Amino acid sequence: MGCCNRRCGLIAGAVFGAVVAILGGILIPLGKSVIEGTVEKEVVIEPGTQAYENWVSTGASVYRQFWLLDVQNAQEVLQDGAIPVVVEKGPYTYRTRYLPKENITFNPNHTISFTLPQGAIFEPSMSVGTEEDKVTSLNLGVAGAYSLVPKPFHAVLENLIKTSNSSLFQNRTVGEMLWGYYDPLLKDNIGLFSPYNGTYDGIYNVFDGKDDISKVGFIDRWRGKSVLTFWGDKYCDMINGTDASSFPPFLDKKPLYFFSSDICRSVSAGFEQSMDLKGIEVYRYVLQPNTLASPTVNPDNQCFCRNKVTTNNCTMAGVLDISSCQAGRPIYISLAHFLGGSRSLLENVKGLNPSEKHHGTYLDVEPTTGFTLRFAKRIQVNMMYGPSKVITVLKKVKDNTIFPLVWMNETASLDDATADMLKKELISRIEMLDIIQKALLGTGVAIFVLCLISYCVVRRNQSKIV
């Protein structure tokens, strides 16, 4: 009777263990479903969600750091045709994206329209000097006119350069180079980022994710159009993905796509590694190596090649001619210090030292919510000048030169308060549910195995007695 009770108890224990283990197993998909439902509800862009609060006005402080390239041998370039030598001067830091989105309109097709006001506030404590610091840089007016005026009219341009007392290089303040000054050659106000304060980016239309969470944040239209009109090609004119501030939830390490109005095109970033950011796991994505590759390496980039002369018959890597979206201004975009660019870019200008660590672009994205918690977007603004038999200040120039003017690091990072909130509201709940699941599963299996082994031992001992 005692042995029977013992065997029955062990069987009951094994059954109980199996039930506990099954409960733990059931909780895995059930818990996952609960988490997904909660996350999907909170990442929809509508009033009352966590995503909406951060979407309307950026929670973290966003800064733009500028390094201007200061020419060290301007006279030698003019008189002897020497290769320009530059030294970067910076950072000069500005707070940006501090203004909330405006003209927010919810549309019947589950999109939201808005404009993004632009402004920059100088941050002296985060800068190496003041906006009055002087730099020697390329003359924007002369370089621009050289690119736009056909060679048969260089004699006219030569006369204008002389009468305006202009030269290939100029001495300007940091503030003038960035935000504008009156140019005597063009008789107009020009600057690398002029106008900026008081202007708007957009109008944007983005999906709110309410009917399809896989499209949340995706750009449906920019400036009223679903495609760009800059490149004259179906592929290059595509508007892909989000604006990179967030992505649809539940990332699976596949490439992320986003559109950047700064460079007038869509790009993609590939997964590099998992990292810890203030106790939160994030996925680091970096710009794909073929983004600015020459068409000989990446044929998809053929439609981005606008000038076969400047790009050596479209074989040059590392620069993007965006004049078509800059009202004709001959601007070339690259990564900082010509990172990933052709060797000729570094041979024609001395003093640049590209490195992935200091000049690469990256996004750190929380994989469950799709929120970008830290990023660094690093791009360089360049202009081009070349030889001329007529224009005096260009007679010693030997070849077309893509000249670096300034490189910019737009960056932001998760603050402690937001990190604590995210860990409390999401990460800790996911971790607690995971612990409960594993505890139930582990305890149930342990009880089941222990009772099963004990039952076998009792049966074996009983058979020996019989």
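Each residue, glycine too, has its Cβ placed from N, Cα and C.
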Cross-link partner of C264 (disulfide, per TrEMBL) out of C314, C325, C451, C456: C325
C236, C451, C456 - which one TrEMBL pairs with C303 by disulfide: C236
List of residues, in chain order, with Cβ under 8 A from that of C264 (disulfide bond) and at least 6 apart: L228, F230, I322, S324, C325, Q326
Rounded Cα-Cα span from C236 (disulfide bond) to C305 (disulfide bond), Å: 10
Spatial separation of C303 (disulfide bond) from C314 (disulfide bond) - C-alpha basis, Å: 10
For C236 (disulfide bond), the number of other Cβ atoms found within 10 Å of its own Cβ: 19
